[in-house]
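**Q** According to TrEMBL, the protein carries these features:
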type	residues	note
SIGNAL	1-24	signal peptide
TRANSMEM	182-201	transmembrane segment
TRANSMEM	213-232	transmembrane segment
TRANSMEM	267-285	transmembrane segment
TRANSMEM	297-317	transmembrane segment
């Protein structure tokens, strides 16, 4: 019977302290989580992409508790870094974040953040990160897995591609809404105006519409653009080039056969155009009515263009398909 007063005292003390230690710890955890979510929501209401330094990253992204996912872009946007790709990726990232922030499905289950190297170099060191831009998903539970790092070199940084990756990692579907772009309609209107003006000025003389050389040139330009990979660029939205943030070296040719840079397509288009011009010169040298001397010059120029530009094409191919055994001339 003497133990009953002791039990009563313990019960009174537990009630005064807010319950058992486990319950008190859970309550503190919920309070911390609520404060973190409220802070993130406040920042997200002002800016779709939350800028973070090392302290904010460790407190709101790395440290538990957390019941929300955070998509973080690690970048280097300061002008002295000269990261052109970072600026291009940032534009697409802002479009994605704004599409989510102003969506009717917006919730506090996912946030978009950014860590700039000049504001959070300690975060880059902590994550052993040596390139930018890089996108990582920090899930609500556990640490990021392999798939939580976005494959930028393969998929590009277009907002639509990022949205598909976010949906795969977080089950949050974001409908990308881009700001209106009037460049396309204006160019189409200008083209129609030019064509209409030509028809009006030429009157009934529409022989220029039957000009085989003009149509052949237009078709050739279209074929060169498509064979160089312009449609792939339009679908995937790859970066123009890649600059190593440590060495400053700029790469215009992607080292993998599964991806490419925009600059790479321009280079390939130029090389294909050089080969085509060489073949045209060879054809003209063989079929034209010019004197023999000029035809020889055209023939030599055509052979030179084909050899030179086709060799460069093979060198690009060898740099992407390692171990490719063939070459035209040593490059």
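One is the number of the first residue shown, and numbering goes on along the chain from there.
In case you wondered, yes, glycine gets a Cβ from its N, Cα and C as well.
Nobody curates TrEMBL annotations by hand; they come from automatic prediction.
Describe the structural context of these features.
**A** Sequence-distant contacts of the transmembrane segment (213-232), counting only residues of its own chain at least 6 positions beyond either end whose CB sits under 8 Å from a CB of the stretch, comprise 238, 260, 264-266, 268-269, 272-273, 276.
With a threshold of 8 Å between CB atoms, the same-chain residues lying at least 6 positions outside the transmembrane segment (297-317) that come near it are 253, 264, 267-268, 270-275, 277-282, 284-286, 288, 290, 324, 326-329, 331.
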